[in-house]
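The following features are taken from TrEMBL:
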{"type": "TRANSMEM", "residues": "A:46-67", "note": "transmembrane segment"}
{"type": "TRANSMEM", "residues": "A:74-94", "note": "transmembrane segment"}
{"type": "TRANSMEM", "residues": "A:144-167", "note": "transmembrane segment"}
{"type": "TRANSMEM", "residues": "A:174-192", "note": "transmembrane segment"}
{"type": "TRANSMEM", "residues": "A:219-243", "note": "transmembrane segment"}
{"type": "TRANSMEM", "residues": "A:271-291", "note": "transmembrane segment"}
{"type": "TRANSMEM", "residues": "A:297-316", "note": "transmembrane segment"}
{"type": "TRANSMEM", "residues": "A:323-340", "note": "transmembrane segment"}
{"type": "TRANSMEM", "residues": "A:360-384", "note": "transmembrane segment"}
Ligand SMILES: Nc1ncnc2c1ncn2[C@@H]1O[C@H](COP(=O)(O)OP(=O)(O)O)[C@@H](O)[C@H]1O
Ligand SMILES: [Mg+2]
């Protein structure tokens, strides 16, 4: 029954089928060429880059649903991404430090008490910010299950409360965008403080070391996270394709185009916006929880307001209102951005001036954003559509 | 015929200008009512008040057997209670197909949960076909609503109003931009709807109003100037003065 259902769904939505097939093929190729498979044509660090890019694709499709489909230009979704990263990072840091502490103390003749162990872990983790006690928000950090729950609940609840306040007062358009920027800025500023309980600007580090898998090589761990990211992207894509396909898709696109008219048809616009805002926030949190173990470190700068603006730029360049457009934008712009800012792009010497890409990349990105918005409102994805229609 | 909507002592001002001034109005179910009046008389604002778009400064608006007040309700609650509206300027969802527009309006549960789990039913599809047939858009169902002509958009919006199956239909200047044949068809549809429901039609065109063959309310400067049969009001000296005499 479900199988037949999903089959017809995929047949009626060929682009979803294409995306999932490409993703599967891509995963296969990367796996075969990775160091874990022995060939090593793709380095472990590049596997991590690709895995992280898949997570960025996941948050990009979430952004596309909330903005491209529902018309809410949220410039705060990276806050949810960061929260997901912090939530999983707390467990990773706690569990790993606990293992190290247990090993160090095992040399003692008298077995250490629980509070001695706890103090030793706290000193290790919070020494950098001059503290030696666990802040209250670390209460669940010993439990993977509870922290995974936090990955879903904290972004979800924050989005629910924020969205309820904003949508209920009918804040829309640019005012809502500014409000979401304020939210992400406030969160970043809070995290920057040393007494935030999350190690201030040091952030959480060593996240690439997975407790319980100390003996496993990074080559294998990176591939496992790559697979997990690919799976999450596939499931996220299916979820959003389903949400945006049927009548729900019709209602949220109608809200985007004329929300007042939708109200006069009897739909409570605020609940729809809240649903979309919260669902996409939760998915963003999941994307962040998969991203940061591959990045190895998370700090408050990741949540800076500019990150969420980049997200909107990816979606605009890739093509709003099409899920695959968001993926194209995220892949294209984020890989290009790491090329230009990574120092591997050759400087251009004009004789009187040397263009350093590390400085000028942002200008180029800004200009492309303006150009796409003005000249190709459909983004890169609209080029694909033109090709498909010509055939 | 029992009273469906009762408005009493309603006033609204915009920046000190009284658009609606101590207006009282009643309509039963079933009933057809035409509202005429010069531009700026407050006809559209009157509909804005009933549908919750504009909050009056004073007065009462009571709807249904249980005499619920519409004033504390949101636009969507009022719509769900059974008030449907066709706007003066046709507003349809241009980036969606005609069929999707009908489906959005079709009377069905409106909560996000219901909509998310909504399955297309043969009954719903039949209803859309029937509505499209009724407003002459059968061939246009797969087209984007934005590609329709102005007149076709008017029809689509009338079809969407019928799809909601409201108890009170508020129809703002339906005949604007229509050919005489289309006007006749519009009156037929509205008269049919008024067999069971309450229908309020705002219209300038006297021929159109005459064909509705119903009680007429004349609005001027935000209040009722005269009420009665078309012949009765058109012979009223006040009405001739402010409206017909010009
Ligand atoms: N939102 C508003 N803000 C200010 N003035 C308004 C508003 N809506 C209507 N008005 C004014 O109220 C008066 C009645 O307008 P309206 O109800 O549209 O008239 P009608 O539909 O009878 O032509 C007009 O003078 C109009 O300018
Ligand atoms: Mg008007």
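Cβ from N, Cα, C; glycine included.
The stretches the transmembrane segment (A:219-243) and the transmembrane segment (A:46-67) are in mutual contact, each linked to the other by at least three Cβ pairs under 8 Å (pairs 6 or more apart in sequence).
If one looks beyond the transmembrane segment (A:74-94) by at least 6 residues along the same chain, the residues whose Cβ comes under 8 Å of a Cβ in the stretch are 59, 62-63, 66-67, 121, 125, 137-138, 141-144, 147-148, 150-151, 154-155, 158-159, 162, 176-178, 180-181, 183-184, 187-188, 191, 198, 203-207, 209-211, 277, 280-282, 284-289, 291-293, 295, 298, 300, 302-303, 305, 307-312.
Within the chain carrying the transmembrane segment (A:297-316), a Cβ under 8 angstroms from the stretch's Cβ atoms is held by residues 56, 59-60, 63-64, 67-68, 73-79, 81-82, 85-86, 89, 180-181, 184-185, 187-189, 191-192, 200-207, 325-326, 329-330, 332-334, 365, 369, 372-373, 379, all 6 or more beyond its ends. Most Cβ pairs under 8 Å to the transmembrane segment (A:271-291), among the stretches A:46-67, A:144-167, A:174-192, A:360-384, belong to A:144-167. Sequence-distant contacts of the transmembrane segment (A:144-167), counting only residues of its own chain at least 6 positions beyond either end whose CB sits under 8 Å from a CB of the stretch, comprise 76, 79-80, 83-84, 87-88, 90-91, 95, 176, 179-180, 183, 269-270, 273-274, 277-278, 280-282, 284-286, 288-289.
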